[in-house]
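Some notes on the structure that comes next.
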Amino acid sequence: EFRRSFHQSLCRSVNFHLLGIHKTLIFSLRFRSKIDPSVFLHLFEFFPINHSIKPREKKKKKNSQEAMDLQPEELQFLTIPQLLQESISIKKRSPRTFYLITLSLIFPLSFAILAHSLFTQPILAKLDSSDPPNSDRSRHDWTVLLIFQFCYLIFLFAFSLLSTAAVVFTVASLYTGKPVSFSSTISAIPKVFKRLLFTFLWVALLMFAYNAVFFVFLVILLVALDLNSVGLAVIAGIVISVLYFGVHVYFTALWHLGSVISVLEPVYGIAAMRKAYELLKGKAKMAMVLVFVYLLTCGLIGGAFGSVVVHGGGKFGTLTRTLVGGLLVGVLVMVNLVGLLVQSVFYYVCKSYHHQNIDKTALYDHLGGYLGEYVPLKSNIQLEDI
């Protein structure tokens, strides 16, 4: 009897308190007044809190723009697969920025590389027709072809330098912990582009000399084949192979590393090429393997595009050629993006190999100079050799 009466009185007391809280909430909502938390404290007598239960902590969301977790002393030991893995993981730190860079710069570059043959092939077919070489029609076709090739080369080199500037600047900003955005990258490109252009002009002079030598031995090879001179043909073939697989690949690696140096250090032009030559010592084999694989992959993609899309009209339908062409353009876009990321990370690998530390504060200020920020008068990006 006592327990029943106690239980009933307890239930009435709880209902009374709950009804009071309900009226308090309605009053607060109706008149938009703040609720005093003390009105709920008297409930703790009936519903004690178990303090041993800790509230669930929210996991901290990883900032995608935080500084890169690159250990300078460990970078020199990276193998080629590890370098590729590290480079691919960089775009996850600021996916929106890299997505916009890819869409606005790398995609037009990749599309132009493959699609230019679609426009030149009909002109070349006209030139191979039965029209006399000195006719007005042939001269007109040659003029159109030369103008198109000139505009294509300007577009190719411009977007190549713009893509390099955007990716190298973004990767360096992530490395120093600088806030990354597509707008800041685009704002920095004009000043970076000038430095890359000077470096490219020096590379163009070196490549002109290389191409002259290459052309001379190519003529010697053709003459030897015409004269059935086996010994001369073999010598010319060996020299041409060494020039392409050795000198050409090395010059390309030198150019790529010099481009990164032109962005990240206060040197450009021939000085950047000299610095790239010094940094490549000890890592030249690795750089040449990376460049050779990149050129081979681009060559295979271009060959497949030419055989299926450009010259495959009689074997493949329009839908098949369109789908294959779109797929190959997408693959080339990814290859170019990964290539630019590898190019950027390889610079830090070479610096680590030569035990040259990088002052992140000075590099941070150097990158800020491209955005018009204040740059201290004394800003030495490279510290003394350890």
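Yeah, the Cβs are placed from backbone N, Cα and C, and that goes for glycine too.
In TrEMBL, annotation is done automatically, which means it is predicted and not curated.
As annotated by TrEMBL, transmembrane segment applies to 98-124, 144-175, 196-224, 230-251, 287-311, 323-350.
For the transmembrane segment (196-224), same-chain residues at least 6 beyond its ends with a Cβ under 8 Å from one of its own Cβ atoms are 157, 161, 164-165, 230, 232-233, 236-237, 239-240, 243-244, 247-248, 251, 254-255, 258-259, 262-263, 268-270, 272-273. Beyond the transmembrane segment (287-311), the same-chain residues lying 6 or more positions past its ends with a Cβ under 8 Å from any Cβ of the stretch are 80, 83, 113-114, 117-118, 121, 245, 249-250, 252-253, 256-257, 280, 320-321, 324-325, 328, 331-332, 335, 339, 342, 346. Counting same-chain residues at least six beyond the ends of the transmembrane segment (230-251), those with a Cβ under 8 angstroms from any Cβ of the stretch are 203, 206-207, 210, 213-214, 217-218, 220-221, 223-224, 284, 287-288, 291-292, 295.
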